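S.K.: Sending over a structure as structure tokens; questions will come in a sec.
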Amino acid sequence: MRLTNEKATMQPQLSDLALVLGLLICCLPTLTWAATLSDKRLCADPKCEQIISMGIAKITYAIGGEGLISFKINSPIRVLSKSAGSNMQLWGVDINGRRGYANKDFIMEKKILVRDKDLLYEVPVVGPGSPVQSVETPVQSVETTVQPVLNASESTDDLATTTTSPLEIAVDSIVVEHDKLQDQQVPDPTAASKAQVQVIEGTELPLEAIAATTEGSIVPETAADPQEATNLDSTVVDTKEPQALNSEAIKLQEEPKAQQPATEAEKPPPLPQAINAELEDADDFDYGDDETDDDSQQGSQDNESIVEIANDNKSINESIELKPLSVAQLKKTDKVEDSKDETKEKHAEMEVSKQEDSSLPTETLNVTALEEQIDQKEFPKQVLDAAVELKSSDPLPVEEVTETVAEPPRTIVEDKINEEIVPVSAKIQAKPATVNPTEPIVAQSDAEIKAPSESVISSTTPAPVVEEAPQKADPVGLPPLFEKKNFENPNNYYKQLQEEQEKQRLVAEAEEQKRLQEEADQQKRLQEEAALNKRLLEEAEQQKRLQEEAEQQKRLQEEAELNKRLLEEAEKQKRLHEESEQLQRSSEEAEPQLSVQEANMQQLNDSVDSQSNEIVDNNNRQQPEQYQQHHHHTESAFNHPSTASHTTPTPDAESPYAAVQEETTEASQTDNHREGVGYVEPVALPATASPVSEVPIKEDAAGFGLFATIVDTVNNFIGKDPQSDPADSSDELHRILYPGRPEVPPSQRKAEDFAPADVDGYCARFQAKDEHCHRSISLDNFVEVMADKLVDHSQLLLCVVIAAISSLFFMFAYYCFCNSSQEGALLSKLNHLERSLLASHKENLIIKHDLMTTRTKLASIEDNSFGSNDMVADLKKQLESELYEKAKLQEQVGSLERDLDNAAEAGLELNKMLSEVLNGQNGDEAFMSTVDELQRQLNDQEKIIIEINNSLAEKSRENSELQYTFTEATTRLNSELKTLQEDNYELEMEKSKLQTRLQEIQAETESELAKALEARNYEMQKLQNQIVELTVKWEREHGDLQTSLAKIEALEDCLKAVGKDAIHNVQELITSAKTRGELNAVHKKLVELQSKVEQEEAHKQRLESQLQQSSQDVEQLKQDFNQSERDKLEAQTRLEVLSGYFREKENDLKKELSLQETKWLQHQGENASTVETQTLMKNEIQTLKSQNDELRAEIEAQIASHKAQMGTLENRAHESWLAARQSERRCEEALAEAASLRRKLTTMASGGGGVGGDPGVMEAIAANGTSVLGAELKTAPSPLPLPGSPLLNMPNPLPFLAAPFSPFMGLPPPFLPPTGAGGARPPPLGRMRSPPPSSRGDRDRERYSDYSDYDDYDDDEEDDRGMDRRRRHSGSWGRRHRGSYSHSPRTYRSLSPSDSRYNYNDTETDFSPPPSPPPVPSGRSATSRPYSEV
């Protein structure tokens, strides 16, 4: 018992009571069942079938408790009941064919069909452990219907989205047997438990009645109470629930069997073909939802009798035809129901639930009595039904069949049979109170009428029935379903089958009408017999009440006088044991009777085995009292024959043997008198325990079968401490084998707990052999004890041997029947066709998938979208490569910018150096080296730019190749697609041709096979005719031969007579001989005819059995057809549902397709944006190229400005040289003047001796300038530089320039020519000087330089400077060797550094790209420029 919802609501402090709660779960499993459900529900009608409102689910809800139903959000909900009772939150709902309870807060009502004020019915909700409310129910009219059972939901979420609606089948026709071993109890159908739902082909159907083939299937029913549907299954009581009732309450429930059948009219039996259809179709579809149902059904099917299956194969048509007959029996139901109380109704319903699903018949009636019933049809329909139920129910006694039947004893047997039949016939008479439920039993009895009486009576074991039962599946006279024409067009086949069955049904109806007319004549006699039986029942009830009162008084006396009665009971048991031994010896003498008893015991043993497999703990609590009561009754039956003739044992309400019903006959005789003529031995058979049991349960090897029961019985007999087990165990075999041994009453059993060991229940049964009670077993007496035990239990061993032999025989017969069955070929063919169908479905799916793929490609081709994904992928790859190239170019541009910055810094340094050189006039060589370094860097940058251009050209070429390759691949794929389409079309054509050819071959094969079968049938018919003719001829000749032989014997006799007495007339002798011969021939022929008559009778019986089997097969086929029609309707319903589902799926796919198209368009837009991005990248690359060109042009402009500065500096140097030459001439003139003055001075000095101080001379000298010469000498500049000289104030040279002349070394005088000039003359004004003399060869001659004075400082860079100088002199500054530059640098008109159009300061801070260069003139190449631009 699961407590999911109760545990969720449990308070934290209850965790300390876990042990107590576990005990409550074990002892009171039904108290917690309906914890989450309300005790009432508010409905619009008493059945809770009318839909109150329609709505949808607000949320998705999984099952949270027993009885609740799971659903998903927005699931359609039909409300069947609303809030009432203890729990106002739950509504009864129907979701997708599943019924259960749901929280009203989770339901959104959309449409209200019945207003709340119109909800007038409060229907109780009853759990499986609640007490049964018995209501005195009046007889209903024929129009009354049975209370339906709500569909129950399953506890899993798998069926929440089931879209298949349930089949519209009458709810009373659905019957499922469930194994009690699964859940220890049967839950309430309204609680949505699995036990009440039958899943047929994925559809859940409500169950009207569950007739369990168990001992515990108690089904109390009240037709007027709305709880009937819920109580029907829930009353299979879990006897773990203790009920505190006293002995008086127990006695109130002890009622005879004669009063039970009348209440059976309140609840219909299940429709048999529903079980058959379920059993046959349960495995056709493998749904995960009905795995639990299949398991439970399998457990019940294993225990189900084959006769039940055969009886279930009755048609609905016959039951409908016989329905008006049962309506006439309502009067007797009134009479019988007036004499019952509530407890009798309960037990009558318990009895019916057993009789509906009981195993094989265990009684055989008197031969002449049943022949009178069947041949003359004196008993009406209901009496025969009662006989069928008596044969198929365990609680009925076993009757012995005697072949020698006398007329007076036959009346006694009929009397006894009527005692057993009429109570059940009353049940059948009461069943017309409900319309549909009467059909199955009537149909079942109809089949019993058709059965020959010999097959019913002569068999004492059910073996023949078991052998013939499986033949119901053989098809009779129907066209083969698996022919090609029928398989391809099953509708025509079913139509043909329906027409044939309609014809057969019409013939059967005609026969049925005749038979009904004959049976209508017997109604009056039935009423008379029913009145007589009613009187008998009333007398039996009175005697039972008297006996119950006597028992109650006896129990009270036994409680007062316990010790005294124990001693009396011991003596009584000894006497009983002796009498049982005498009876056993007498039974051994009557071997036919013993064989019948053994067979009946074996059948009862089988039934006990089947019942013990299904019962878990339903009937084991009352075992001590039941055991004692049963033994007490049987003791009184054996010890007091006169009393037993009038008062038979009274059934206990709590006893599993309460089904033993005992009648009182007015023409009562002793038991010994009745044994000879159909003596009915009251054999106790198990029934279920009532809900008021109070004794604990002992599970007696339930679920382990007959072997475990036998082992348990043997252990009880030979155990050392038997008092704790045998008296309390549910040992059915012991009760069957020892019916005459009395039981100890409850008061005695309570006292036995304190009694000594030698008077306990075990030893009390064997006081005759008191020495074996507590005898210790040793090696010495082991053999003796075992021998005694074997003798004591000889009947048990005999039963075990008979059961084993019967089981082996049944298994062998079933195995032979299965091997000889004709279904193997059909099944193999069916499997082959299913495999081929599955393969065809798989091939069709594959072909359909290929076709859809091809169509998708074609549609994409038509929409010009084919290969767009590939294009996008290629474009993405191309975009990544372009982004990579862009990154490389950006890195190159960054390196170029860094180089430009370096060049700008170098220019700044050059400007500084130039300024310093110009100031000092000594940095020409360092300046030239710096200029050469910058030129070298410029050349490197040109190389890098050339490599970048080459890589760009390579990438462009690769892009063009990729585009060409893509176009070529697209064309090739289009051509391949066209080829594949053509091949596909050819394959389709070939497939259609092959299919047509295959159909033709199949048609030809079928026609040939039909012709061959027709020829074979014709030959067989011809041979049969010949055989018949030859047989007739042989019989005629054989008769003549026999006549001749008789005549010959007669003539021989006559001749012997003539030889003895010759007086007789010869003619008379001849005549007498002829007559005697004819007489002998006729006598022999009479013997042969008698043998033939016997053979024909046996053949007739066989043909009748075959006819019955054929009729059963016809009915089975009708049921199959009806089931197939239902399956067809179900399939159509499912087809509609699936069509709707696939339409919704198609709409969803269309929506998804539109989304995908939107995404595709988005991807197309992304592709377009990618192309645009690529175009932008290309434009950006072009922009970067233009920027690169602009930077290059700027560098060239800076070079040009540097050249202009160099030209300016050269001009200044030339002017300085001219000034130096002028100073040199002035110096030469001054030297010449000084020489002349020196000469004058010398002359004066040489002539100064004579003049020596002559003032005149001095004046003359002074007059000639002597004093001026002295002044000039004093004021003349010193050849050494003075501190104030500008040469000393010149700034320090740059570190990488050649050091100037040191001051201490002195500089060449400005009036001296440059060193190394070689006496060359200075150049003319405004011109460069001439090249120096070729003192160094041709190399020095070629490298004419304006600054050749410093050439010796840098000899390592002479070649580069020579190239630069050649460019300078040739006017090729900035000219590229490889045509790197496409534009000429910027030119200026003025090369003067003071020109305002060029700002030298811009090179220090301004790095913006210069304006784009002008286009290249058409007349000139891009790499040349005129000399005037320099």
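Backbone N, Cα and C atoms are what each Cβ position is placed from, and that goes for glycine too.
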S.K.: Where Swiss-Prot marks phosphoserine, which residue is it, choosing among SER130, SER165, SER1278, SER1392?
M.R.: SER1392
S.K.: Looking at SER881, SER1154, SER1348, which is the one Swiss-Prot tags with phosphoserine?
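M.R.: Comparing SER881, SER1154, SER1348 with the record, Swiss-Prot tags SER1348 as phosphoserine.
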S.K.: Given the candidates SER836, SER868, SER1044, specify the residue that Swiss-Prot annotates with phosphoserine.
M.R.: SER868
S.K.: With respect to Swiss-Prot, which of the residues SER586, SER1390, SER1424 bears the note phosphoserine?
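M.R.: Of SER586, SER1390, SER1424, Swiss-Prot lists SER1390 as: phosphoserine.
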S.K.: Pick from SER636, SER865, SER1169, SER1421: which one does Swiss-Prot list as phosphoserine?
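M.R.: Swiss-Prot annotates phosphoserine at SER865; the rest carry no such entry.
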S.K.: With respect to Swiss-Prot, which of the residues SER319, SER975, SER1345, SER1396 bears the note phosphoserine?
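M.R.: So the answer, going by Swiss-Prot, is SER1345.
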S.K.: Across the topological domain 'Cytoplasmic' (818-1430), what does the mean pLDDT come to, as a whole number?
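M.R.: Mean per-residue confidence for the topological domain 'Cytoplasmic' (818-1430): 75 out of 100.
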